[in-house]
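Feature list (source: Swiss-Prot):
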COMPBIAS  73-83  compositional bias 'Basic and acidic residues'
DISULFID  98-145  disulfide bond
DISULFID  110-149  disulfide bond
DISULFID  202-249  disulfide bond
DISULFID  214-256  disulfide bond
MOD_RES   69  phosphoserine
MOD_RES   87  pyrrolidone carboxylic acid
MOD_RES   194  pyrrolidone carboxylic acid
REGION    64-87  region 'Disordered'
SIGNAL    1-24  signal peptide
């Protein structure tokens with residue numbers, strides 16, 4: 001849990017957790033590699049949002065996220081007593097954060113929350129559970145402030161070639177099983193069932209081209225999430241587990257950055 005997750009991978013997980021918090025709006029946000037023909041236009045839009053965010057005062061949101069490293073642990077609820085001073089302060093900061101977010105253009109609000117959460121993680125050099133709590137608090141901002149994180153429909157030609165391989169490997173069913181076992185917290189020592197699932201997962205990956213393995217794992221987790229098998233912080237753990245599966249199986253790439 002103390003391992004520092006690569007920022008690129010963490011940001012991807014952060015987006016999935018934020019999207020889960022926005023489920024009431026029936027929207028999903030994903031990070032997918034983009035092709036060169038669309039990259040310049042979409043990259044320009046993202047850059048414009050970043051520039052706008054840098055000009056805005058989002059200090060209340062920053063303070064609200066900063067509290068995450070000391071106030072609670074994953075899965076631990078804060079005791080909310082009537083008149084509790086800490087709770088009143090948190091609620092006030094969250095409301096102030098929402099007011100600040102509303103000063104940002106609608107299409108840039110999700111990017112704003114992502115940006116300040118990224119900054120907290122990078123500047124604070126947060127590890128494991130601390131970075132996860134920042135992601136959870138970012139999700140609270142999204143749901144409480146009514147921010148709509150729209151789905152990105154970017155495509156990559158290479159994904160078309162991978163689709164057939166992923167289907168041939170039954171959407172990496174054994175990898176899904178192994179990830180589910182790991183997320184459920186069956187302990188550091190692998191059971192016989194876990195060993196079998198891992199071997200089956202490695203067989204799936206070895207039958208695929210290198211450039212398709214991480215895409216296959218990403219789609220496997222997305223499928224589990226859409227079926228309700230993974231929610232909240234479980235999504236975070238699933239991506240963390242999947243990131244290291246190629247290395248565990250002795251195939252390339254050594255790490256998936258989702």
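Quick reminder: no glycine exception, Cβ is built from N, Cα and C everywhere.
Taking the C-alpha positions, the distance from residue 110 (disulfide bond) to residue 145 (disulfide bond) comes to 10 Å.
Cα spacing between residue 214 (disulfide bond) and residue 249 (disulfide bond): 13 Å, rounded to the nearest whole number. Sequence-distant contacts of residue 98 (disulfide bond), defined as residues of its own chain at least six apart whose C-beta falls under 8 angstroms from its C-beta, comprise 141, 144, 145, 146. Same-chain residues at least 6 positions away in sequence with a Cβ under 8 Å from that of residue 249 (disulfide bond) are, in sequence order, 198, 201, 202, 205, 206. Using Cα positions, the member of the recorded positions 87, 194, 256 nearest to residue 149 (disulfide bond) is identified as 256.
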